[in-house]
Amino acid sequence: MKELVNILDFLPEELGEKIKPMFRVKQIYQWIYQKYANNFSDMSSLPKDLRLELAQNFHFSPVKCVKNEQSKDGSIKYLFELIDGLRVESVLLPMKKEKINTEGKRISHARYTICVSSQVGCKSGCSFCLTAKGGLKRNLSTGEIVGQILWIKKQNNIPYERRVNIVYMGMGEPLDNLKNVSKAVKILAQNDGLAISPRRQTISTSGLAKQIKELGQMNLGVLLAISLHAVNDELRTELMPINKAYNIAAIMDAVREFPIDQRKRVMFEYLLIDGINDKLEHAKELVKLLNGIKAKVNLILFNPHEGSLYKRPSLENAIKFQDLLSNKGVTCTIRESKGLDISAACGQLKERAKEQ
């Protein structure tokens, strides 16, 4: 029996090499990404013989949702099973509620962020992250990355044209899977598809300096987020073993070379861990480290998970840390940890066992 190929792996020009004429590729993209077709037989504007040809050669269901949990704050965590039985988690984060005026008319739409996984597991070994506990199983294909987003939008009846933000902050190190992640960015941005601008897609990394430079040279227009979490190499190596390969100086050099839109900033994620990296002296060092860089610091209070020895700091301490940065001219926010009650917050995702 012929093995079917995932059509979500293909850019339009790649499909155009297999399917003629090109306007049919445009129609196929629109059926999949805009009309949310369930199968090729739904694509009524295509000739019957083309629909049959597509069904004989392609599929577009590389991920299957086997479980979902909804948080009190409205966040939804999805457990997806892949074709080989491995599993990843993704999260839909409601960022802004729909607004209705006194006359019952909608004056603004709800806004969402989708946190997507790029690998099954992760090899970075960060001591505070649950994903790292199981190690790396494999990279996700481009279609498996795109499939998470497509399924979530379809399941929640989010029209294709409705703006969503994509953050590659789920399971895995995105830059360890740069080829497939960068292609996913391009596919998601297609005007005949989901039309998610690269400026609405943020790629997070633990600090792979070489790949940061490679990503910059691609000129995709994506936003960059650096998981920093410490201001000196000794502490960062303790928290993040990847620092042995790429120390803070190497990361900052790569960041300085990264092309950023004049209106945008590089995001630095800083996980505050009680008694470890949350002192005001750390905040002062962070100010020095970011000198001369268009940066925004995103403070995250540590999210507890099974087996962790770290503690979550008080909000009071986090605000003091934030105030010091802000008073020194560093743009800084404290991230609200959405989905904490369903283990969907930062550092809490993992490959859940099949018995679940």
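Placed from the backbone N, Cα and C atoms, the Cβ positions cover glycine too.
Residues or ranges marked as active site, proton acceptor in Swiss-Prot: E89. Counted within 10 Å of its Cβ, the other Cβ atoms near E89 (active site, proton acceptor) come to 25, all protein chains included. In the three-state DSSP scheme, E89 (active site, proton acceptor) is classed as strand.
The active site, S-methylcysteine intermediate annotation in Swiss-Prot covers C346.
Under the three-state DSSP scheme, C129 ([4Fe-4S] cluster binding site) falls in the coil class. The annotation [4Fe-4S] cluster binding site is assigned in Swiss-Prot to C122, C126, C129.
What Swiss-Prot lists as disulfide bond is C115-C346, and the listing cites sequence analysis. For C115 (disulfide bond), applying a Cβ distance below 8 Å and a minimum sequence separation of six or more within one chain yields S90, V91, L92, L93, V167, M169, G170.
What Swiss-Prot records for 108-341 is domain 'Radical SAM core', and it gives sequence analysis as the kind of evidence.
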Binding-site residues compared (C122, C126, C129) - highest count of Cβ atoms within 10 Å: C122
Rounded distance in angstrom between the Cα atoms of E89 (active site, proton acceptor) and C126 ([4Fe-4S] cluster binding site): 18
Per-residue pLDDT averaged over the domain 'Radical SAM core' (108-341), given as an integer: 93
